[in-house]
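Written out below as structure tokens is the structure these notes cover.
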Amino acid sequence: MKLKRVRVENIRSYIDLDISFDDGVTVVSGVNGSGKSSLLEACFTGLFGSRALSKDFVISDIIRKGATKASIVVDFENQGNYYSIEQGYKVDARSGKASNNRSVFKVNDEVMVDQANQTYEAVKALLKMDEEAYTNCVYIRQGEIDVLINAKTKDRQRMIDGLLQIGKLEEYRERASSARVGVGRHQREADSRLKDNIADIEVLEDSKPYQLLNGLRTEVTGIEKAILDLGSKKERAKELIESIGDRIGKYSEILEQKKKADSEIKDFKTNISKEHANIESSRDQVNSGNNDILALHSSNVSLFGVVEVADGSDIEGCVTDLEKQEVSARDGFSGVVKKRELALNNEAAQNNFLLNLNKQLNNSVGSIRIRNEKVVFAKNDLKKYLEDVEQIGSFIQNKYGDAKELGFVEDKLDQIDDISGFVNEKQTKLHGKEKEISATVVELEKKIQKSKDLLSKGLCPTCGQDLQGSKVCEENAGDEDRKTELINELELIRADQDKIKVKVELIRNVRDIIKAIAEAEKLLLLKKNEITSIEKGIEEHLSSIKEENDKVIDIEKQIDECKRSIGELKSGMESLKSEETAAQEFHGKLLHKLEVARQIRSNILKARNIQNNINRLQDGVKNGLEKIELFESQINERKQRILKLDEALGGVDLKELQADMSQYERAYNGIVSEMGMRDMRKGELHKEIGRIEGNIQRLNELKIKQKMLVNKKDFLAAVYGDAEELETMYLRLRVELRAKNIDALDRLLNEIFSFMYTNNAYSHISLDPEYNLTIYEKDGTPLEPKLLSGGERAIFNLVLRCAIYRLLAHAPGSTGSAELPPLIFDEPTVFLDRGHVHQLIKLIDMMRGIGVGQILIVSHDESLIDSADHVFVVEKDPITNSSSISGK
Ligand SMILES: Nc1ncnc2c1ncn2[C@@H]1O[C@H](COP(=O)(O)OP(=O)(O)OP(=O)(O)O)[C@@H](O)[C@H]1O
Ligand SMILES: [Zn+2]
């Protein structure tokens with residue numbers, strides 16, 4: 001087998017790895033923790049699945065932390081075929097548990113199996129080794145140097161035997177042994193069955209079944225004959241019983257008839273006495289009925305007078321007549337009652353009407369009185385207003401008089417505004433002129449005074465210059481004149497002003513008069529209007545009063561009419577009242593008569609009913625008498641019949657017959673039970689015969705079986721011998737093979753040991769038939785391997801593994817080392833000194849020399865690298881923490 005390629009995804013420190021392997025020695029180097037061992041572990045796990053995990057490891061431990069899935073694919077070649085094993089893993093995100101969810105075994109790219117266990121079995125069969133053998137033979141794991149040499153003898157024996165397939169022989173031997181044991185068990189079983197069989201036959205033969213059977217059959221024949229005899233006896237008894245039964249039947253029938261006739265006679269007699277009692281009671285009822293009829297009749301005779309009839313012959317007609325009369329009297333009476341009710345209603349209506357009329361009358365009279373009072377008041381007002389009008393009139397005349405006195409006649413009064421305007425204008429003009437002149441005068445006076453002052457100072461009054469011969473005095477005199485002139489004019493104006501003042505005063509007075517007249521005339525108009533309206537009101541009142549008066553006359557007429565008709569109604573009602581009383585009395589009398597007539601009629605009906613009943617009762621009596629006669633004749637007939645039946649019986653005793661009968665019946669029953677007993681015995685005998693026949697059959701069968709068991713016993717003895725022989729053969733074969741292998745292994749061990757071991761302490765190693773390993777010192781002292789030093793043990797281990805590998809390569813049936821997996825060492829130089837490292841290199845060379853195709857070594861020892869055909873360097877990136885491999 002040759003490893004070709006390994007691909008890894010998310011395994012331990014690898015994220016992704018794809019590496020190919022060639023023939024020869026390959027050394028994988030790298031610093032501690034770079035991922036060297038991980039590569040070898042990946043190959044191992046790829047081949048054997050989860051079983052390759054070291055103790056205390058679970059799947060998730062080999063999956064790179066943080067990854068959710070992982071895979072390993074290992075490709076290898078073996079005897080011309082290309083194999084590929086794929087392992088896939090999945091990590092559950094929640095639990096963190098990992099599972100081997102894919103496991104495929106391919107041959108030449110064809111999937112052979114795809115299930116973990118099947119893949120494992122396929123690999124195991126192909127490599128002829130399981131994971132344990134793999135680690136013991138080809139894969140020397142780091143640090144596991146002691147396992148094989150320290151193992152217990154028995155385990156070592158199992159492991160080495162297993163590797164050499166010697167285990168198979170043991171397996172076959174065990175199979176042969178268990179087959180032998182199984183046959184032995186069958187033999188014992190067959191023996192005991194044979195013994196049982198013989199015992200059974202003996203018991204059956206001791207019971208002498210044929211003799212017994214003959215005796216039983218004779219007895220059966222006897223019983224059958226006895227049963228036949230009993231049968232004919234039984235027939236005879238049955239016939240006798242039947243004939244006596246017939247006779248008893250006939251006589252009992254006659255007795256039955258006699259009994260029936262007797263009971264009928266008794267019934268007839270009872271009926272007769274019942275009829276007699278009925279007749280008696282009917283006669284009593286007839287008598288009392290006749291008495292009742294007489295009483296009813298005499299009561300009617302006393303009533304005939306009341307309804308004025310001689311007898312009851314036409315009482316029906318009389319009742320009908322009276323009913324008719326009563327109806328008409330009742331109608332008459334109710335007619336009068338209705339009339340009176342009507343009159344009463346009428347009266348009430350008239351009274352209501354009268355009340356209403358009186359109310360109207362009162363209203364009208366009241367209204368007339370109120371209006372008359374209003375007229376009186378209005379006339380008083382009218383008088384006052386007329387007086388006022390007269391007064392206002394004379395006031396106005398007086399005012400006109402006043403105006404005339406002031407010089408204003410009526411017509412001139414209208415021009416008062418023009419006159420007033422003219423006067424006012426004149427007054428204004430005078431005032432203006434007066435003011436103007438007064439001012440001029442004041443001016444002049446000032447001028448004059450100034451001139452006087454200047455003059456008194458000797459200056460010109462006009463220009464203020466010095467007066468020297470001027471004519472000043474002349475000029476001054478002019479001003480004085482002018483002043484006087486103006487003062488005169490002013491006096492005239494003032495006189496005119498006084499006159500105008502008087503005129504203004506006059507005009508104001510006249511204006512007052514005009515105003516007074518106007519107000520008085522306005523008042524006058526108001527008064528006159530008032531008068532007109534009062535006069536109109538009076539007129540209206542008067543006409544209303546007239547209307548009301550007419551109404552009063554009319555209402556009074558109606559009241560009279562109403563009172564008259566009320567009087568009439570009252571007198572009418574008087575007469576109706578007496579009419580009503582009479583009608584009531586008449587009706588009462590008729591009612592009484594009708595009642596009496598009805599009483600008579602009912603009496604007659606009652607009497608008739610009673611008579612009918614009497615007739616019926618009398619018929620019943622007649623009938624009863626006839627029945628009695630019939631019953632008596634039937635009694636006679638039955639008596640005759642009984643006499644005849646007595647004759648027919650002729651003195652036979654039924655009891656005697658019955659006694660005979662029961663005697664025969666007892667005899668019959670005796671025969672039947674005797675037959676039953678015989679039958680039962682016969683049944684028992686048959687059963688017994690059946691049982692004995694069964695025994696005889698069984699005896700025959702047992703004899704046949706016995707023959708068969710004897711045959712089987714012989715056969716089993718032969719098989720047992722064969723198995724025993726086979727077992728010994730496998731045992732012998734194994735012992736021989738083991739001895740041969742141990743010899744070979746011992747030889748190889750010593751050969752490799754003397755090659756590898758350079759010190760001078762030990763002479764040789766021995767492996768005894770029990771697989772005990774012993775190492776001998778130069779002086780012949782034997783040592784157990786566990787007593788060796790660490791380095792010595794490492795050497796010893798390497799020697800042992802290489803020896804086993806070589807032995808396997810030359811084992812019988814093996815095709816040489818080509819079939820074996822590569823020889824793998826993980827850090828083999830640990831514990832070795834320089835000299836031994838050198839020997840190790842030579843050992844590796846030797847292994848290559850004897851034809852080991854691939855040797856895979858993980859080591860950091862440079863000297864090993866030197867002797868390698870191929871070198872891989874493993875590095876771990878400190879940033880990604882992932883390993884990678886490069887060739888060198
Ligand atoms: N499940 C895992 N996920 C991630 N990294 C892991 C896991 N298991 C192991 N490792 C890492 O893989 C690295 C390589 O370990 P490995 O045993 O292959 O080292 P080595 O090269 O053989 O070292 P040495 O020379 O010490 O034997 C270790 O440093 C470890 O941290
Ligand atoms: Zn002058």
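Note that Cβ sites are derived from N, Cα and C of the backbone, with glycine treated the same way.
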Among 454-495, 538-579, 622-663, find the range that TrEMBL records as coiled coil.
538-579
Helix, strand or coil for GLY790 (ATP binding site)? Use DSSP.
helix
Binding-site residues whose CB lies under 6 angstroms from ligand 1, from GLY35, CYS463, LEU788:
GLY35
Measuring Cα to Cα, how many angstrom lie between GLY33 (ATP binding site) and CYS463 (Zn(2+) binding site)?
155
In whole Å, how far is CYS463 (Zn(2+) binding site) from SER37 (ATP binding site) when you measure between their Cα atoms?
161
Sorry to bug you, but what's the C-alpha spacing from CYS463 (Zn(2+) binding site) to GLY35 (ATP binding site), rounded to the closest Å?
156
Can you tell me which of these binding-site residues sit near ligand 2, meaning the Cβ is under 6 Å from at least one of its atoms: SER37, CYS460, CYS463, LEU788?
CYS460, CYS463
Have a look around GLU792 (ATP binding site) and count the other CB atoms within 10 A of its CB, chains all included.
19
How far is it from GLN142 (ATP binding site) to CYS463 (Zn(2+) binding site), counting Cα to Cα, in Å?
168
Three-class DSSP secondary structure - ARG12 (ATP binding site):
coil
